[in-house]
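Report on the following structure.
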């Protein structure tokens with residue numbers, strides 16, 4: 001139980017670890033879904049290909065979209081992409097990093113589904129059973145069979161119970177032939193994905209490590225800034241509601257006192273603290289204006305007041321902030337010859 005608690009705490013440590021855990025769970029869920037799925041090939045010439053390729057490609061597409069939906073950064077990416085420029089510029093490299101990061105994680109579950117499906121071989125067997133080379137694997141010169149009848153017989157290869165074309169080609173031979181091709185494609189796909197992941201992980205620091213660190217840092221900053229802004233808004237809303245409720249009950253108590261109903265009154269101890277958390281925003285219109293201003297013109301990413309703000313919020317890019325130099329003290333020394 002302690003190990004599961006440690007794993008859960010690791011997943012909650014930051015957004016990246018959390019999304020890695022979600023993608024791992026989705027990958028395991030995809031394998032469980034495929035193992036629990038009842039695969040039934042229609043065994044008809046015009047439907048086998050659609051059914052087999054549909055089972056092979058449609059679930060990975062759904063899992064890919066589900067990976068984007070479960071990623072909390074998709075709304076943050078859309079908000080950062082669509083917001084006005086304001087006093088802070090939008091870095092295209094950061095947006096690309098966020099999108100690529102989400103796409104890489106969302107591709108894990110579809111890749112697992114494709115690998116498991118190809119290695120199992122049922123989809124390829126169902127989809128391409130009518131393309132089995134009868135001339136090299138069976139008896140192509142079987143009499144009394146037209147081309148349409150041959151196609152109908154070959155379409156029944158995945159359905160062993162209703163297959164009646166043993167004189168044309170043995171069912172075990174055709175299934176083994178198609179399954180070998182499917183497994184070869186599956187292992188090639190696994191090797192390709194592993195090689196691509198290795199190249200991305202190993203070669204990326206050799207070319208653009210500085211740009212990668214910059215994009216990763218500002219991506220984390222946008223995520224943390226959004227969380228802190230939500231927490232600040234929630235704290236302000238709580239304080240605002242508390243002060244409103246306290247003022248309501250104070251007015252009600254005054255009305256009761258005016259009607260000669262003397263009630264015990266006790267000043268709330270946290271009224272002043274709640275009022276301080278309002279930060280001067282004490283009405284709905286001002287709060288709406290603050291929220292609109294945050295969306296339209298976020299504050300520039302520069303914490304030095306003497307620096308002049310620019311259009312993208314970065315004054316003197318590539319140079320350290322200038323500070324007024326302290327006045328230089330001059331000293332005079334007098335020497336005397338004795």
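Glycine is treated like the rest: Cβ placed from N, Cα and C.
Pulled from TrEMBL:
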- 308-338: region 'Disordered' (REGION)
- 21-37: transmembrane segment (TRANSMEM)
- 49-72: transmembrane segment (TRANSMEM)
- 93-113: transmembrane segment (TRANSMEM)
- 181-200: transmembrane segment (TRANSMEM)
(message) Give the nonlocal contacts of the transmembrane segment (181-200) in its own chain as ranges (CB under 8 Å, at least six residues past its ends).
(response) 111, 114-115, 117-121, 123-125
(message) Which residues of the chain, 6 or more past the ends of the transmembrane segment (21-37), have a CB below 8 A from one of its CBs?
(response) 7, 10-11, 55, 59, 63, 66-67, 70-71, 105-106, 108-110, 112-113, 116-117, 120
